[in-house]
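Undergrad: Please read through the structure below; I'll follow up with questions.
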Amino acid sequence: MKREECLLVLAGLLARVGFFSYGIYQDAHFAVKYTDIDYHVFHDAARYVAQGNSPYLRDTYRYTPLLSWMLVPNHWLQWVHFGKFIFVLFDLLAGVMVMNLLGKCGRRRKLILASLWLLNPVVITVSTRGNAESVMAFLIMWFLVHLRNRQFALSGFVYGVAIHFKIYPIIYALPISIYIRSSEGSRWFLRLLTMGIATLATLVGCGIGMYYIYGWEFLEHAYIYHFTRTDHRHNFSLWNMLLYLDSSGVVPTTINWAEFAFLPQLFICAAVTYVLWEAPTFQNMQCVLFLQTFAFVTYNKVCTSQYFIWYLLFLPSFLLDTTLSGAKGIFLIFLWVGTQAWWLYNGYLLEFEGKNMFYPRLFSACVTFFLANVYLLAQFILDCRRRNYQTNIKKTN
């Protein structure tokens, strides 16, 4: 890395140390804690692992055992916060690879775009609160770096680990296939087969290994649970009210809506890959991954702040060749932040002041946030299509 890039990474590290230190202070002095409640779940699960037991002895642990293994040093060192440093490390490494994938654009532009991850307060807050999304961010960027370098077996291996860690990256299989089909000439099928076998072998291998150690509870908690998940706390999703009423039994129904909630999002995620057919380049594939992830989070039955990390990871690459004006960009940011703030205000009144805000206030906030994100998605798709049109015009001239 060049000197300016090293300084940016250092600034990102110092910012994270600052947020981390403040978090310890807030935990000790304020009623509202800085540390994510899920981090305590990870920590407790790691204690069971350190004792030679299953992490699934901890109620609400719904993740791969690999995550609990990563936090075992918390108990060796007798310091609950050590695991946050692990997540911060993955966060910074993801930022380095984001910068790497920006390629050879102008120095100033590259630093500004990389700052959208490395100096982003949302990203920094998530990792320093002890959320594990930075591990996923690292794995996704790592497999993309290998894919760009045409290291298909390595890319497939890392991609398989990413899917094992969390299921959602499986939606990237279609744009990856389209990209390889269009960029590898007559050897495209062999390249695709190589990556596919590596991905499947890794995914199945990890699954068999975890099943051998922990049995059915691994499958039940790490995978099956997420298809019928009905969380309604801290949930920005349009499905929030329906899931709340369904889980509370207030409105009796014979239909488990949580099982069908994924159908619209899968349709949208598949549909946006059409944009890649227009210009099947690696850069455009990253834009499509951004569109897919944004759509997936928007239409997901559970949508919390940590899920925003999933698409913010691709934002620097998406904005590399954007046609959006500065004024339009500011408006979109205001729309995203404003509708989110309205939801958070109502959520605060519900959770910390005990007011019944579910209907109509919180419901209307969910609808408003959803519609705002649908509008944002439409603008992003139009932006991609304008770029593809300009690229194709240049090729014909």
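The backbone N, Cα and C atoms fix where each Cβ goes, and this holds for glycine too.
The annotation transmembrane segment is assigned in Swiss-Prot to 5-25, 79-99, 111-128, 156-176, 193-213, 257-277, 307-327, 330-350, 362-382 on the grounds of sequence analysis.
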Undergrad: Which residues, given as numbers and ranges, are at least 6 beyond the ends of the transmembrane segment (193-213) yet have a Cβ under 8 Å from it?
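TA: For the transmembrane segment (193-213), the far contacts come to 64-66, 147, 152-157, 159-161, 163-164, 176, 180, 219, 222.
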Undergrad: For the transmembrane segment (257-277), which partner among 5-25, 79-99, 156-176, 307-327, 362-382 gives the most CB pairs under 8 Å?
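TA: Answer, by Cβ pair count: 156-176.
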Undergrad: State, in range form, which of 111-128, 156-176, 307-327, 330-350 has the highest count of Cβ pairs under 8 Å to the transmembrane segment (362-382).
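TA: Comparing 111-128, 156-176, 307-327, 330-350: 330-350 has the most Cβ pairs near the transmembrane segment (362-382).
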Undergrad: Are there 3 or more C-beta pairs under 8 Å linking the transmembrane segment (330-350) with the transmembrane segment (111-128), counting only pairs at least 6 apart in sequence?
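TA: Between the transmembrane segment (330-350) and the transmembrane segment (111-128), which are separate recorded stretches, there is no contact, as judged by 3 or more close Cβ pairs.
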Undergrad: Okay, the transmembrane segment (5-25) and the transmembrane segment (307-327): do they have at least three CB pairs under 8 Å, pairs separated by 6 or more?
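TA: Contact between the transmembrane segment (5-25) and the transmembrane segment (307-327): absent, because fewer than 3 Cβ pairs are under 8 Å.
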